[in-house]
C-alpha cells in the first residue's frame, strides 16, 4: 500500500486518557456564571488544554510501548508479542508528537536504466607461463584503453511507491543483484549509463548515495559479522549507530537501542541467541540459518526507507522465508518502507505478500507490474503454468527454454529469446500504463523539489547537533568513535586469548633474548653485544605490529558494509581500533623492554631508561600506523603481503646496524631517511653510549713480554680508542662506528612522532577512499588456447536452440532417456537398527535411534526431517564417514558385511561444493576416474567413461573451464553438477549419497539438479538424498521417503505414491488431518508431526510407526534382503584388488597427486611470483645492498649480517608455505580422504616433493642473485677454488630452501590452523635466529643455552655458508679500523709487535715506523681468523652441509609421522 502521509496510519489500539477526565488543577473551557470570558481567554485555554492532552497521550504511548507489562503484546520478551501491534505503537511514539519530525518515505522511479561493466564473459586462466602476457593488457586497461563493454541491464523501467514491496525474479546471471545494487546506489565496479533516469521521491541518485547514504541500503547474501561478538551486541551496535537524536519517551540512547534490539530479535525468532557468538565458518557460533537472520536484523535496524535485499532467504527454510517477507510487509504497511527483494525458491505464501514483481532474463526486463497479474500476462503470451507450480517458479521458468511450456497452438507465436520477450513487454499495454505512472510520479515528485527539502529536514532532525548537514551519518564523529570503541572492547573481552597469547609469547621471547645477553659487562668487550641487543630490541618493538595487516583485512568487509549502511566513518573505526590497541601496545612494550633492558644490564639510569622506553613506544606506534596504512592502501591481502617481505627487509637492512651509514650504497641510502626504525636505532644507540666512558677490556699489544709497557705504547682493541687512554668514550665509538652524534637524539624522536602523525593521516584518508576488491561476477575461466572456443560458444543464443515447444521440459518428463555406457548398479544397500551415540560434556546423547531402511537400484529416496533430526548424520554413518561416537546396528550390501573398499565404491555428494580451484572440469573428473575406478579398467576406458559423464551431466560446453571460486569461475549450478560428476566418474558400484543438493539454489537450478537425479535413477543408480522442505512438484520426483523426527527416530519409511497419496493416507489413518487441496504435501507432513515452526502435535509419531503394519512390512523385507548373502552379488569377486582400500596402487597415487599439486602451483602465479619476489627479489636486494663488499673488518661484519638477513628469507618461505598446504589439506580431508581416492601418505609426500621442486628452482635463482653481486666468489680466487666453493655455496642454499619447505610441513602437519602453525614458526624462527652464533657465539652464551646452539639448524647453515663464501681469504682494515699507538724509543713497530703478532696475528701498515710515527695495527689479516670470532671453522664446511640434509630428512619424516599421529583416524568405536 502506498503511504505518502501520516493520516492513514493505524493507532496502537490501546486506550488513551479521556479528554473529559482532566487532572485536578487543569484549566477548563467553561467559565463560572459570573466570570467574564474573552475570546482571547478561550483561545489561550484551548491551546493549553490541547497541549496537555497531547502530552498525556504521548506519555501513554511511551509507557505502553517501552514500559509494557510482562504479558503485554508490546513486550518483546512476552510469548504473546505482536510485531504488527508493536510497529504501530512505535510509529505513534516516534512520529506522532509535537516535537517529532515527520517520517521519511521513499519511492523510486527508474527509466532507461542501462548498466554495464568492463570485462569479458569468458577469460583465460593465468599461469606462471602466461601471466606476463597479461601485463600489457592490464596496463592498457588501466590507462583507459582496450576495455570490452559488457552490458548487464538493458532499458529497465519501473515504479515502486512508498510502502510497496517489489519481488525481483530471475535465474543467476540475469542481473537481479546488479539491479538491486544500482537502486541502492552501490555501483562500485558498475557503470550506469548517463541517460538512465532514477528518481527517489525527488532525490537524485548522487544525493542518495552521498548525503543520504544509509537511506537506501543493499543487503548482500553473504553474512559478514565479527564472529566473536554476541548476537545481542551485534544488533545493539546497529541500533545505537542509527538511533535518532531525540528519543521518544525520554529514554536514554542505550535503553532505546536495547529495546529495538530485543524487538527485532523477537521478530526474527533469534531471541534465544542474544548471548551466543555470531560465529562464522571457522568460529563456532549460531547456526547458518540464525546467522542469516542476524544479517537481516542488522540491516532492518537502520529503518532505511528503501531496502534492497539480495537473496536474503538463502539458508532459511520456507517457513522462515515467509516470516521474513511478513516482517518486511509489516514495515511497509506501518512505516511506509519500500522493499525490493530478490528471492530464490519463493514459497507461494511469500510471493503473495508482494505488491509488484520484476522479471529479468539475461538483463532484459520481460515484466514489471502487479504481482497478482504476472502469471496471467505470460499465459497470454502462450505459456502454461502447471497446476502445482508456484507463481514465482512459473515466472522464473520463463528464463529457461528447457522449463517453460508452450500452450498448444502458440508454438510459433511465443517468444523465445530474451530480446523477443523484452520486445513483447515493450509492446504490451501494461508497459504503457507503467510509463504513464512513471511520468505522473516524476511530475508530482520533481528532482530537487520540495520533497527533497522535507526529506533533508526529517533526516537532519535525527542527526546529532555536531554532525554536518550533508553527512549521511546519524552520530557525530566523536559518537562514532565512542561506539566503535565500545565494540572493540567487547571483541577483546569476548576473546582475549589471542592478545594474552601474544603478550605471553613476546614476554618469553624477551626472556630468551635477555638470557643470551644477560648482565653485560660495563667495559668495551660489550660494545658489539650492546649494539646487537639494541638492534634486536628495536626490531621487536617495530615489528610487533606486522600482523595488523591480517587483522585489518579480517574486518575490512564488515567495516565497508556498515559504512554503506551509514553507521560510521571507516576512519572512525580505524581510529577506535588504534586507540583500543594502545593498552596492549603499552603493556607489551613495558614487558618486553623492562625485561630486556634490565636483565641485559643496559644503562641503568632513570633518564636514559625512560628515553629508551619513549623511543621504543613511539617507534612501535609509527610502524603500527605504517602497517595499517599499507593494509588500507591495498585492495587484496595478497597485494598487501606480497611486497611486505621486501619492505620489511629494507627496513632491517637500512636500520644502520647491519649496514652502517658510511657503507650504504648511494642508490639505496635514501631508504634510511624514510625508515622510522633507523631513527629509533640511532636514538637508542646514542642514549646508551652518550656521556659514558667504558674501561678497556683488552689492549694491543698485551700478554707475555708486554706487561710493563707504558700507556702510550698500547691502545684499547676497539674502534674509537686512543693510545694512552684506558677508557673508550661512548660518543667517539658510535661516531666512529656508525656516524651517530648526540644532537640527533631528540631530533629523531620528533621525526618519529611526525612520521606517526603523517602515516595516521594517510591511513585514515585511505580507509575512506580505497575499497577492497570486488568479485568480477560469474565469469567462465578457461585454459589459454581454449578460451577462443568458449567465446564462440558464448555467441550461440537461444535462437540457435530448438524452439521451446519442441523441447519437452525435463521437469515433467516421466522417463528420461538412459545414457548409454553409464555404470548401472545392481546391489541393494540396507541397514537395520542403526543407532549412533556421542559423548557431549561427559553425557551420552543418542543422535540416531534404531533407523531401518534400504536403497535399491533405480530408486530415488528422500531423507527428510526437522533441523537436528540427524539427516546428515545418518548419511555419514551409512557412508562410514564418522570418526567419533559409537555406531550400533547392521549396514549390509546384498546381505553381506561391508569391507574396506565400501567407501570408494559409493559416491557421496556433500552439501559444500569442495573442489580445487585451479583444475578444469575435465581434469577434476579424470582425477577421480583414474584413482577411484577399479583397476580392471584401462586408462583409456577410464578417460572414455569421463566423456560419458560429461555428456550425461550436460557439461560439454564448459568441460575445459576452470573450476575457480564462487563468483570467478563456475556458477552455483555448474559447481553442483561437477560435485555430482566427480562421484559418478568413480563408477560407484553400490549407491550415491546426496546431502542437500538443492540448498541455497534458485528454483531453476534446483529443478535442473532434480532432473539430473531422476536421469541417474533411470540409468540404474541408487540414490539417497537429504532435502529440506521441497516444493510440491520437487517432492513428487522422489520414489520413497525416510522421515526422521527429533532424536533420530523414524516416523515413516516407504513409498510416497502418486501425488503423495500413499504418504498422506498413512498420516490420515493414524490420526493426522488430511492435506488441504493445493497444499504442499512436504510442508503439510512436517506440520502434522509438529516439525514445522509453530506446529504442535500430541501424537507420538515414532511410536505410531513402530506399531504400524508398514513397519512390519519393512522388517519382513529387511529379513528377505539378509537372505541375499547366499546368492551371487556384484560386490563379491575373486579378484583380491576389489577388496583393497584404494583402487589405485601407491605409485599411481603419488604420480597423479604430485602432478595435480605441481599443476596447481603452476596455475597459481600469485603464489610462485610471491615466492620469486620473496626469494629472488630479496636476494637481489641483499646482493646489491652489499654490492662487491670489501674485506675490511666492518665489510666482513656487513657480509656476516648479510647472511644473517638472508635467514629472514628462510623464515618468510616457511610462512608462505603453511597456508598453501592447509588449502590442499582441507580438500583432501573433507572429500578425497573420505571417499578413499588416495592415501594420506601420497598426499603428504606429494606436497613436500612439489615444494622441493619449486624451491630448487628458487634456490638456483637466489644463488645467482645473491652470491655474485656481493662478490663472494672473489674470496675463492685466492685459493683457486672458485668452482668448488661456488658449488658448495649453491648446495648449501639449496639445502636451506629444502629445509624451509620440510620444516614448514613439519609445523603444519599436525596442527589444525595456519595461524597456530605460523605462530609456532615465529617462535621457532626467533629461537633459531638468536642461537645461530651471529648475535652471540657459543663462548658468550650462558651455559644453559649451549645445547640450543648445538641443535639449531641455523648454526650449521650460518657456519657452512660463511666458511664456504668468506673463509681462507686475505683481509685488511679500513682507515678507522687501525689501532694507533707509539712504539718504544729506538725500536720499529715491526720489532715491537713481532712477539704479539706471532700469537695474535694481524699486520702492521708500516712495520718500519719508529720514533714520532705511530704504529698502525690491524688485528686480523685473514678471513678465517675473523670467522673464528664466531666459532666458525673453514674445515667443517662440508660437515655443515651434510648436517643440513640430516635436518631435511628428519623434518620430512617428522611431517609424515605427525600427520599420521594427529590427523589420520585410527579407527572407530563400533559394537
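Cβ from N, Cα, C; glycine included.
Record note: of 588, 1429, Swiss-Prot gives the feature N-linked glycosylation site to 1429, with no matching annotation on the rest. When Swiss-Prot is compared with the stretches 641-661, 662-682, 683-703, 704-724, the one noted as transmembrane segment is 641-661. Within the list 593, 842, the entry that Swiss-Prot describes as N-linked glycosylation site is 842. Among the ranges 1288-1308, 1351-1371, 1372-1392, 1393-1413, the one that Swiss-Prot lists as transmembrane segment is 1288-1308. Looking only at other Cβ atoms within 10 Å, the busiest spot among the recorded positions 519, 872, 1422, 1429 turns out to be 1422. Rounded to the nearest whole angstrom, the C-alpha distance between residue 71 (N-linked glycosylation site) and residue 519 (N-linked glycosylation site) is 72.
Annotated pair residue 869 (ATP binding site) and residue 1422 (N-linked glycosylation site), C-alpha to C-alpha distance, rounded: 79 Å.
According to its DSSP assignment, residue 1386 (N-linked glycosylation site) is coil. Considering only the recorded positions 842, 870, 872, 1422, 1429, residue 311 (N-linked glycosylation site) has 872 as its nearest partner by CA-CA distance. The separation of residue 1429 (N-linked glycosylation site) from residue 865 (ATP binding site), Cα to Cα, is 75 Å. Residue 842 (N-linked glycosylation site) is 20 Å away from residue 870 (ATP binding site) when you measure Cα to Cα.
For residue 519 (N-linked glycosylation site) paired with residue 1386 (N-linked glycosylation site), the C-alpha to C-alpha distance reads 44 Å. Among the glycosylation sites 842, 1386, 1422, 1429, the residue whose Cα lies closest in space to that of residue 871 (ATP binding site) is 842. Cβ neighbour count for residue 865 (ATP binding site) (all protein chains, 10 Å cutoff from its Cβ): 23.
Under the DSSP three-state reduction, residue 865 (ATP binding site) is assigned to strand. Sequence-distant neighbours of residue 1386 (N-linked glycosylation site): residues of the same chain at least 6 apart with a C-beta under 8 Å from its C-beta are 1410. Of 842, 866, 872, 1429, all annotated as recorded positions, the residue with the shortest Cα distance to residue 1422 (N-linked glycosylation site) is 1429.
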